[in-house]
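Q: Dropping a structure here in structure tokens format, bear with me for questions.
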Amino acid sequence: MSVDSHHESRLHSESKKSASLPDPQEPESGHSERLSEKDSRSTAASNAELAPNGKYFRDLIRLIQCKICNKPLQQPLALPCGETLCRNCLPPAHERQNISYPDQPGRRQGFACPFKLCEGQEHSLADCNLDITLTNILTQLDNVLSPNLPPDPLGLSKYFTTNLDARAEVKEPQARVSVLLSGYNLAQNGDLPFDSGFPQHTIPDGSLTSKTSDGPLLTTLLAATRSEFDCQVCYCLYNSPITTSCGHTFCESCLERIRDHSNLCPFCRRPLSSYRNIITGKSNRRLTDLLSLMYPDAISARKTQISEDMPEGEPTVPIFACAMTFPRMPMFLHIFEPRYRQMIRKAITNGTRCFGMVTHRQGEAPIADGDFDAPFNRYGTMLYITNVQMFPDGRSLIETIGTYRFKISSYSWKDGYPIAKIERVEDIPYGDEESMEATERTLNPSSGDNPENLACLSTQELHQNCLNFVSLMRNNSVGWFTDRILNIYGHPPQDPALFPFWMATLLPINEQEKYLVLVSTSVRERLKLIMVWIKAMEQKRW
């Protein structure tokens, strides 16, 4: 069993790199300023003065301990559930059956989560990588504490015993020494159970003496680790830190902005998991708790800053009711109506360069729209303007690219066009996708070579069958897949999540059918819809 350790080298230097969005826009207002070195020292000193008590130091030591081995985390792995453990404490892996998507190294190897909150939920090895930020923090912490450890680190453990309820007790009279160093000693030797406490401020009098008091030591520690808690996109303290499957950490809001324009990590350029898969994993609990404990004043100021930068009321986006479009697909528009000319001009002027594209409602409302009452459909795609060609008479030709899908929660009218409050539409997490595939294939075992039962096919087989159809159509010089069309829309995506969007863009299928692809949140279900279209077209041809 192994977990990808591609990023274990040069960890500390990597965390200092600058990661920027592929978006030409500037970062959100007020989020580009970092604490100065003076502010960092001031914050550290303030926290050191406010927290010199045993509970504080026990909480700090606990946050760097592994729940499995009780020692400080070594090569910490961030799990999808938000928990963290040592690489060597990872449970044995097993082969996962009937899983083909996502086809990534390590996804077919899984293990049962050892933490109670997960209740034995299965995690994929591919989702468990080295937590680079936490590794750097642990390194800085050890660099500060290890040189100050007492000369006889093992001598301390004889003064502690663990009773039945896992609480540490003192056996001899106490004298004031460094609680932080004492606790770190115990944790390094595995003598401090994760759920136990230790005496506040004191250890027994004896041969051990502290080289430093807790106050100055804590000040040094906070100053040394402060920069490791900065997001490398907004250059501010992490806000709801999310650790991706590649091991890098970003603010939740920064990750959302990254996903608007690319599915690659800005650090290592490895593909990111689906957004919902990342968010379902929730914030990195260790980093979140360390931030709250070590820098409470800075975190409070950060949250205040974010709330002040938030626009009043729920944000709205302009809506253009025109044609069907999909994420990652280009759309070319000739803008001539005065109301939409004004809409495009505003989108460019305010710097967002974005607007929502929906289709006009034809006939009865789609089932997915529910009770949504409007002359246009509820689901659409957010478009980003990549190029504009203006004409003297006010008309324009614009090039756009689909970024993400959305659902309209409410709308109103402004200057002749709709504006709406929207919710992002994301695919279901990988775990749910894998569970769906495994269940369908278990309940619908393949009988011979019968291709009619789509449920018995793996997700990768569905994708490959679609690719084979495209290849056949190209060989037969079908007009939908000519070189001219492919030069505009690109060749068939090898990513099964994007392929249905590409196929729906090119095939001459009515928009009601394409709408089913747009609203589907399952890669497997989208591929099955495309296969249904293909079978219908093949029957008509023959």
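Quick reminder: no glycine exception, Cβ is built from N, Cα and C everywhere.
Quick paste of what TrEMBL says about this protein:
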COMPBIAS  1-17  compositional bias 'Basic and acidic residues'
REGION    1-47  region 'Disordered'
COMPBIAS  28-41  compositional bias 'Basic and acidic residues'
DOMAIN    66-114  domain 'RING-type'
DOMAIN    231-269  domain 'RING-type'
DOMAIN    314-538  domain 'Lon N-terminal'
Q: Could you give me the DSSP helix, strand and coil counts for the domain 'RING-type' (66-114)?
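A: Grouping H, G, I as helix and E, B as strand yields 3 helix, 13 strand, 33 coil.
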Q: By DSSP, what is the split of the domain 'RING-type' (231-269) into helix, strand and coil residues?
A: 10 helix, 8 strand, 21 coil
Q: Average the pLDDT scores across the domain 'RING-type' (231-269) and report the rounded value.
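A: Summarising the domain 'RING-type' (231-269) by its mean pLDDT gives 86.
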